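In what follows, a structure is listed as C-alpha cells, so that the remarks can point back to it.
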Amino acid sequence: MKVYFCGSIRGGREDVVIYQKIVKKLQSYGSVLTEHVSSAELTHRGEDASDAADRFIHDRDVDWLRQSDAVVAEVTQPSLGVGYELGRVVDMKKKTLCLFRPASGRVLSAMIRGAHDGELFVVKDYSEDDMEDVVDEFFAVMKQT
Ligand SMILES: O=c1[nH]c(=O)n([C@H]2C[C@H](O)[C@@H](COP(=O)(O)O)O2)cc1CO
C-alpha cells in the first residue's frame, strides 16, 4: 500500500513532531511516499526555493498523489500546498483522511470540513492521544470497501 501524507511545510513547521508520529503510524500500513514532510531538518523554506525546484516538487507530488492508494493529511496548521493537494485528490477520487486538532484553538476551513462525505473524503477531529485509533479505524473501514 502506498500512502501519501500531507502536512504543512511553507505554511509553518510548528506541528512537525506530530507529523513524525503520524508518519510512523502510517508506515505500519505501507510505504509513505512523502516521508520528507515529517523530517525535522526540513524548514518552512521547503526542499528548495528555486522556481525550477518548485516545478519539480509540484510535478513529483501530483504524480505521487496519482500513484497513492490512500491520502492522509494533517490539516491543523493551514497550508496552501495541503489545501491544493486535497482539492486535487477529491478530483482523483482517492480515499482520504483529514486529521484536525480542535485543541489548537483554530477553526478548520469550510472548504475542507465541508468536503467531508463520510466515505471517500473523511474529516476527523482528533487529539494526539487518540491519533493511532483514528488512523486504525480509517484503514479498517478502507479494507472493507
Ligand atoms: O518543499 C516542498 N515539498 C513538498 O513536498 N511540498 C508538498 C507536500 C506537503 O504536503 C505540501 C506543503 O505545502 P506548503 O509548503 O504550501 O505548506 O506540499 C511542499 C513543499 C514546499 O512548498
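Placed from the backbone N, Cα and C atoms, the Cβ positions cover glycine too.
Features of the protein shown, as given by TrEMBL:
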- Y4, F5, C6, G7, S8, I9, R10, Y19, E85, S109, A110, M111: substrate binding site (BINDING)
Should Y4 (substrate binding site) be counted as helix, strand, or coil on the basis of DSSP? strand
Mind checking which of C6, A110 has the fewest other CB atoms within 10 A of its CB? They're the binding-site residues. A110
Residues that sit under 8 angstroms from Y4 (substrate binding site) by C-beta distance, when 6+ apart in the chain: V32, L33, T34, W64, L65, S68, A70, V71, V72, E85, V89
Taking each of the binding-site residues S8, R10, E85 in turn and counting other Cβ atoms within 10 Å of its Cβ, which one has the fewest? R10
Three-state secondary structure of R10 (substrate binding site) from DSSP? coil
